[in-house]
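Student: From TrEMBL, for reference:
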type     : residues : note
TRANSMEM : 45-65    : transmembrane segment
TRANSMEM : 77-94    : transmembrane segment
TRANSMEM : 100-117  : transmembrane segment
TRANSMEM : 137-158  : transmembrane segment
TRANSMEM : 164-184  : transmembrane segment
TRANSMEM : 226-246  : transmembrane segment
TRANSMEM : 367-389  : transmembrane segment
TRANSMEM : 395-415  : transmembrane segment
TRANSMEM : 427-444  : transmembrane segment
TRANSMEM : 464-484  : transmembrane segment
Amino acid sequence: MVAGGAGGAQKVDEFQPHPIREQLPGIDFCISSSPTWPEVILLGFQHYLLMLGTTVAISTIIVPLMGGGNVEKAEMINTLLFVAGINTLLQTWFGTRLPVVIGGSYAFIIPAISIALSRRFNFYIDPHQRFKESMKALQGALIVASFLPMIVGFLGFWRIVARFLSPLSAVPLVTLTGLGLFALGFPQLANCVEIGLPELIIVVILSQYIPPLIQGRRAIFDRFAVIFSIAIVWAYAEILTAAGAYKNRPPSTQFSCRTDRSGLIRAASWIKVPYPFQWGRPSFDAGDIFSMMASALVALIESTGTFIAAARYGSATHIPPSVLSRGVGWLGVGTLLDGLFGTGVGSTASVENAGLLGLTRVGSRRAVQISAGFMLFFSVLGKFGAVLASVPLPIMAALYCVLFAYVASAGLGLLQFCNLNSFRSKFVLGFSLFLGLSVPQYFNEYHFISGHGPVHTKARWFNNIMQVIFSSPATVAAVVAFFLDTTLMRNHSSTRRDSGRHWWEKFWSFNVDTRSEEFYSLPWNLSRFFPSF
């Protein structure tokens, strides 16, 4: 009789829903803890390797359009790395204090290309001079645009927005922060499928299949799967290149596959420290500034999604609105430094590095700070950094397939706080996710076919603003979800619980939950002078 009762209880337990977790379980090291020094240094190097992909890709897109060659490309990469190292330290010390890497943002590509192709630079015959003049225009636009996130963040406006953000409206934001970058995944991998696909298969096997089979040494494989897989496939790519596998292939294939076609090693300086205004005095144009401000807004929204994902994978509690606003302000400082040094694009929180927190199950702040040290070191010693930056981009694209998916799943994990049996929740989720994918797809396809966006007026700056905003899946989804969640059936008695708002209310004020102090308080007792509310 007792056995039967126990069996019945076990059957009942099987059908109980999974408990809601304010902090993600299964993380080996949270934000405020750290592995041993050798491990954390390797993890920091892994974060550095990962952010190189975006840095090189952005420079590869922009520099040729500005008239630059391999020398200018190498200088821009080193400048991006140097400023990214500074911004990452500032964000982890004084911003959100989350383990996030701050690097170059794709959100700034559209206005950057528009400036690079501007007719006002056509009369410069010397390509290097054209590059410098284009860069000075980018610098001026970035410097002024940086005041938008600084004002929104440091004056507390983003704190007001964050207080209205519920788990329901955060799901589309965080999910499409990851999924919205799908074009950088397999389509880029397919540019050289013979090295991209092995990289994808190897990193999945090393991180997912081998660890359960080797319980005692599990951490070695899932924590360092990125380093191991890059080393294996990069060596394989070197063999293919040396064996002449790409001699008679099209130039585009050779550029994507060969390990000796980046031109960075030859062009990079041995030692050079980037410094403010290294390209000359910035120039200012009102249209360029407005376009860059739109990009700064998009980067701000997308970074909010990355911050939420990083908090989950750092096993922290939800980010208090005042801390989120503080982080946005320092993101603006980062974009200001981008303008002063001349990186060509503004800053954002790196999505792929947030995904790496989930892959490794190590949310240590120290690992990210060490990665910032690697950025500063290799940006000054240009030749050494150029060797690592010559990793073929399809290898990095294969990693994005895994890491962007982790960020997307962090957003889906927020559904545990919501009532999925509510038709209001179903509409808000489904409609915002659908528009977040459909609208940018329309804008991007229209631009690809016609050479310009669907908004095509005589005001180039206005066209850029519309294209930047509506080509960002996370931004479109977040705006739609936020609007619907704050207006649809607002006064209904069940709305607060259906959207999961009651789970995050205690984090609206910094001092209500004691765990906020552990994860988000400023270092060196600075919270006494700069309190969070």
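Positions of Cβ are set from backbone N, Cα and C atoms, glycine also.
In TrEMBL, annotation is done automatically, which means it is predicted and not curated.
A description of the local structural setting of each listed feature is requested, covering burial, neighbours and distances.
Tutor: Listed as Cβ neighbours of the transmembrane segment (77-94) (distance under 8 Å, sequence separation of 6 or more from its ends, same chain) are residues 51-52, 55-56, 58-59, 100-104, 264, 268-269, 272-274, 278, 326-327, 330-331, 333-334, 337-338, 341-345, 347, 349, 365, 368-369, 371-376, 378-380, 382, 385-386, 389, 522-523, 526.
Nonlocal intrachain contacts for the transmembrane segment (137-158), taken as residues 6+ away from its ends with a CB within less than 8 angstroms of a stretch CB, comprise 108, 111-112, 115-116, 118, 121, 277, 279, 282-285, 288-289, 291-293, 295-297, 299-300, 304, 321-322, 324-336, 338-340, 342-346.
Listed as Cβ neighbours of the transmembrane segment (226-246) (distance under 8 Å, sequence separation of 6 or more from its ends, same chain) are residues 42, 45-46, 49-50, 194-195, 198-199, 202-203, 206, 253-254, 257-260, 356, 359, 391-392, 395, 398-399.
Sequence-distant contacts of the transmembrane segment (427-444) (same chain, six or more residues past either end, CB-CB distance under 8 Å): 168-169, 171-172, 175-176, 179-180, 415, 418, 453-454, 467, 470-474, 476-478, 480-481, 484-485, 488, 499.
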Student: Using a Cβ cut-off of under 8 Å, list the residues of the same chain at least 6 residues beyond the transmembrane segment (45-65) that approach it.
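Tutor: For the transmembrane segment (45-65), the sequence-distant neighbours (Cβ-Cβ under 8 Å, at least 6 residues beyond its ends) are 72-73, 76-77, 80-81, 84, 101, 103-104, 106, 109, 112-113, 116-117, 131, 184, 224, 226-227, 230, 262, 264, 344-345, 350, 352-353, 356, 360, 367-368, 370-371, 374-375, 378, 388-389, 391, 393, 396-397, 399-400, 403.
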Student: Need a quick answer: max count of Cβ pairs under 8 Å to the transmembrane segment (100-117), which of 164-184, 395-415, 464-484 is it?
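Tutor: Looking at each of 164-184, 395-415, 464-484 in turn, the most contacts to the transmembrane segment (100-117) are made by 464-484.
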Student: The transmembrane segment (464-484): which same-chain residues, six or more beyond its ends, come within Cβ distance under 8 Å?
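Tutor: Distal contacts: 107, 110-111, 114, 161, 164-165, 168-169, 171-173, 175-177, 179-180, 290-291, 294-295, 297-298, 301-302, 304-305, 427-429, 431-433, 435-437, 439-440, 443-444, 447, 453-455.
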